[in-house]
Each structure stands twice: as C-alpha cells, then as structure tokens.
Amino acid sequence: MNFETSRCATLQYCPDPYIQRFIETPSHFSWKESYYRSAMSQSTQTSEFLSPEVFQHIWDFLEQPICSVQPIDLNFVDEPSENGATNKIEISMDCIRMQDSDLSDPMWPQYTNLGLLNGMDQQIQNGSSSTSPYNTDHAQNSVTAPSPYAQPSSTFDALSPSPAIPSNTDYPGPHSFDVSFQQSSTAKSATWTYSTELKKLYCQIAKTCPIQIKVMTPPPQGAVIRAMPVYKKAEHVTEVVKRCPNHELSREFNEGQIAPPSHLIRVEGNSHAQYVEDPITGRQSVLVPYEPPQVGTEFTTVLYNFMCNSSCVGGMNRRPILIIVTLETRDGQVLGRRCFEARICACPGRDRKADEDSIRKQQVSDSAKNGDGTKRPFRQNTHGIQMTSIKKRRSPDDELLYLPVRGRETYEMLLKIKESLELMQYLPQHTIETYRQQQQQQHQHLLQKQTSMQSQSSYGNSSPPLNKMNSMNKLPSVSQLINPQQRNALTPTTMPEGMGANIPMMGTHMPMAGDMNGLSPTQALPPPLSMPSTSHCTPPPPYPTDCSIVSFLARLGCSSCLDYFTTQGLTTIYQIEHYSMDDLASLKIPEQFRHAIWKGILDHRQLHDFSSPPHLLRTPSGASTVSVGSSETRGERVIDAVRFTLRQTISFPPRDEWNDFNFDMDSRRNKQQRIKEEGE
C-alpha cells in the first residue's frame, strides 16, 4: 500500500476490512476505466463545490473582504494488483478567513490555523488573497520565523492610537509597568535632567535622553513600547505635536535619518524603531520592541531624542507637552501606561531650578493663606461694646491624614492601634494603671506557657506560632476597660472635631475573638459607638501580595528548606500550589517540615479559591486605551471558516471478471437455493 501525502503532513490510515459499500459500474468497462470514471465524477462534483462562485455570495456580503485560504490535501490510495480492486480516500481541509478591512492594512491577509495545524509553519504574505504553504519554495527551503520588525511587512503598521484624545492616566497594568530616570545632574551644563518633585523632564534638543523601562513580570511575546507627545492643556490637547517648520525643513538633524522630519521624538541606537502616524487623528508616535533586561540589571533602557525646542514658533510655541509611554501587545492592547511632562530647552539645569523654586514659593504662599484666613474679621456691637471674632487656626492635632495600607493583617493591626490611641484620651489614670498591671501579668503567663509548650512540642508542628497569636488575641482590649458610664459619655457631640472625623473606622470595627473571651457570660457586649460609616477606602482583598517561596517558607517557619525548592527552579508559590505529599517527599524535604509545608499549601489553595490574584485586579478609571486587539472593537467583521471534505472511492472489476476473484454472485445464489430446498 502506497500513501501519496503532502509534504508537510502525515496521517496514519488503517483501511476498514468490513466495508459493505458497492458501486455498480457498467459491465462493458474494465476495472481501470471504472475507477477513472468514478474518480472523475467525484472530482467534477468537488470542483463545482470548490469553485469561486460558491463563496462569491459570502464575499459580496462583506463588500470588500480580504480572504486567505490555507488548503490541506491528503490522499490515501491502496494500489491494486494486476486484477484487483482499489480503495482511495481523499481528505481536504480549507481554513478560510474573510475580513472586512482596509486593503492597505498589511496585517491581512495572513494564514490562520485556528488551532488545528499543530506543527505547521505560518507565513505572512502581503498583497495576495490566496496562497498555499505547500509550494516548491516552501518545501525546499528551511522555514524560519520572520522578524516581526522587518520592513515592509511590519506588524507595527497596524497599530495606531485610536482615541482622539489619548489618556494620560498612569496605569501600571498587570505587569507593573514603570518608567524611571537615572540620577541626573542639576548643573547648568547638563544635557538633560529629571525632576521627581515636578515629574518633569528637561533636555536639550537632539541630545540623548535615556529612559528606563521596568516590568515585574515579562509581557507577552512581541510586546512594544510606544512614545507619543501630546499637549498638556485642555485648549491644545486636540492638536498634534509636531516639529516647527524651521527644524523640519532644515538639513540639520535630518540628513541620513530614517525618521520622518516632522516627528518630534526619535529613537537612537535601535534599528527596529517604527515611526507611526495615525491616518485618522494624525498623531505621531515611535515604536520599539520590548527587550528583556540584560543579566544583572532590572531595567530596559531606551534612548530618546527630542528634535524641537518648546519655545519654537510654529511648533510647540511654549505650550507644555506630555510624553505618554505605553507598553502594548502586538495587536495594540495597552498593558501599562506612564506619563511625564517634558520641556526641550537650551539650559535644562537652569530651567529645572527655576521651576522648583517657583513651586516651593507657591506652596509657602498657599500655606500662609490657609493659616491666616482670607475673610474679614466679624464685628458685632452689643450694648455699645465692640466685639471682634477670634480667627480660627488649624491645630496640627486636628489635621486629617490618610495612610494607604497593603494587606489585611497590617490594616487590622493599625486599626487597633488607632482605636487604642483615641480611646486613651478618655480613660482615667487609674484605669490605665490597672490595664498596665493586667498586661504585665498576661505577659508573664504567656512566657511561662510558651516555655512549657516548647519543651513538649515536636518537629513539624506549626502550632506554636499560631498559639502565640491566639494568646495575643485573648489579651483584653482597651474598649473592655471602659465602664458603661464612660462609654455612654463618648458621643459625637462631646468629641472634638478631629476626633469625630476619625471615629467612623472605629464604628465599623467588630469585637475580635479575644475581646469576647475576656467578657463574663452575664456581662453584655459593649455597644458600638454610633458613628456614620464613611470610610474613604475599601480594604484590599485578603490575598498575599508576596508570592515568593522565600516569604512562604518564612511564614511557616521553614526557611531552612529553601534550597530544596530553588535547586528545582521553584521560586513562586504558584508553582507548588498543586503539590501533594508525595511531591514534597520527592524533593527530599525532611519529614519534620513536610507536614507544615503541606498545611501551608492547603491554606493557600483555600485562600486562592475565594480571592482573585492581584495581577487580575484592575482599578477602574477613566483612562482610555487603544484597541484591545479584537476585530470587533475596530468595526471590522471577520469570518473564520473551516471546510472539511472526505471522499472515499471504491472500485471493483466488472461483473464479467468476478469469477476470477471467486466472487460469483450466481453460484452463491444457486448454493443458497440448494440449502433452502434441503431444509424443506
């Protein structure tokens, strides 16, 4: 049996010996002629089905579609002997993509395998509506993945900032995208400097300015970094930032440059840079492929040049600009965004010092106005006595401050500290002394209990740290030391202004387990303070932010087992969250630590089931992003179709030649008739 297959695909075929399908062929044809006639009839039907007229209606539906067809043909032929029958199976599959898109878009057409062509090489062909990967050139030459940054079929040409007004909101994204600058000099001779106080870059024209790109997790393959200038003020934001006509038309800085002369931002030292101008909004930007940091570094450095002064007439004309740096996928989805102000001037150090001095003077002036007040003194005459109102001065103790906290445990701990400090102001001195005496007694009892437990504990038991925490929770809280008379006296009307503003977090605090254990059965629970709950922030979800193996083992008290994991390349807890006891034993972890680590993995699983990972949580904002890569969001209609055709042709010799193959139907009928007569 010989198999005639295409060069790039093989499929093992086992013919079914129990085929009971007969094709009646004319008796005056030989078996070869019958086979040829049958095959031709099948191919005729197939050619009609594969003709362009069949899909013409679908193509007309998409007006001006771009189509790509990837055919796969597999032929299996059972070669006959001299006088034998044949069996032929033909399988064809066409992967068709039809898209309603602009014909100038170099991203389409291209092949799509829809996940069915494993191991097949994909090609991107420009200007062709239907190609086949099984031509002679493809078979003879070794196929290598083309560079995604090669000209002219670059994938960056399809990316463009769709919004008319790009967003300037910082968005770290799922990869914690960040942009930073090196330590810069403030001397007048410096070619560039960055002010962290003003979040502003000062640089000279056409001078190299290194910008450091950092991500916590590697972005997808083919990610790019885009830099785009926009005007800062609302009255200018709709205009496109370009170079002034003087610098654009002059030969200086333009001869021998790949970048268009109108682009403000250029990239130095990167041959893969792509300069893009949006055909709709006209905004100009420059794209470079993301490169991971080199060994021993945390940053990826991109060298930018700014090719026009901020004071140039006909260009920026002293209007402030912002530089928006985004991390994007190959199809334009924004993975992170950072923004900073830029000023291109002749003396960056001098301008930075002047701006910082000006902002400091303004802050001092604002603080002085807020302290002295701007209203006139109120005068009131009563019985001939002139009264002047006292000016209110804000006390530093009444100032409201907000502290962002990461982690539920830290938040609850700081909440208790805040509650205790505020309640301390209303406790009498003898109550405080009684509390301190009880605290010392509890501390001595805790030390004795901990000493006895350490002498009885065995290896592998992680209960001592937990028991220690439980003992700490059983300590009496400050709220229990207040008698009912003092507690009823704590009302919003008797508290100072600063105290009443900070109390809402106390009003939402529920008694802990340790607080309820300190109460007697007959003693009622202390009523909570009736304060409106107007907390300005929502606590973060109970999910561990540090997911490294080091911190995981440190929490379990098993830091000595770190080498067993790092030698196997295990660095995060997500790599071992599905491990079993057998897997831990295979890592040769000592038995005394194995149970503690297994219990920690189970706790992590339970926590993981009821919370979302931090890299999947996004803060909603009004930031607009570019296209998310879906053709639906771009207003395009895409139809992906896969057509399978299975055709089996079985040919037998004519009836006159059946006697040669012991397949005489007349003799079989006579034999069956004789058996029937003998049975009667």
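Heads up, residue numbers simply count up from 1 along the chain you see.
Note: Cβ is positioned from N, Cα and C throughout, glycine not excepted.
Annotated features, as they stand in Swiss-Prot:
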- 1-107: region 'Transcription activation' (REGION)
- 122-157: compositional bias 'Polar residues' (COMPBIAS)
- 122-171: region 'Disordered' (REGION)
- 170-362: DNA-binding region (DNA_BIND)
- C244, H247, C308, C312: Zn(2+) binding site (BINDING)
- 351-360: compositional bias 'Basic and acidic residues' (COMPBIAS)
- 351-393: region 'Disordered' (REGION)
- 352-388: region 'Interaction with HIPK2' (REGION)
- 379-389: compositional bias 'Polar residues' (COMPBIAS)
- 394-443: region 'Oligomerization' (REGION)
- 436-472: region 'Disordered' (REGION)
- 437-463: compositional bias 'Low complexity' (COMPBIAS)
- 610-680: region 'Transactivation inhibition' (REGION)
- K676: SUMO cross-link (CROSSLNK)
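Where Swiss-Prot records a feature, it is marked here on the structure.
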| residue | record | Cβ neighbours (10 Å) |
| --- | --- | --- |
| C244 | Zn(2+) binding site | 20 |
| H247 | Zn(2+) binding site | 22 |
| C308 | Zn(2+) binding site | 25 |
| C312 | Zn(2+) binding site | 17 |
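Within the chain, the compositional bias 'Basic and acidic residues' (351-360) has long-range Cβ neighbours (under 8 A, six or more residues past its boundaries) at 186, 193, 195, 197-198, 200, 202, 343, 345. Those residues of the chain, other than C244, H247, C308, C312, with a C-beta within 8 angstroms of the mean position of the Zn(2+) site C-beta atoms are R243, P245, N246, E248, M307, N309, G314, G315, M316. Secondary structure of the compositional bias 'Basic and acidic residues' (351-360) per DSSP, as helix, strand and coil residue counts: 10 helix, 0 strand, 0 coil. Taken residue by residue with DSSP, H247 (Zn(2+) binding site) is part of a helix.
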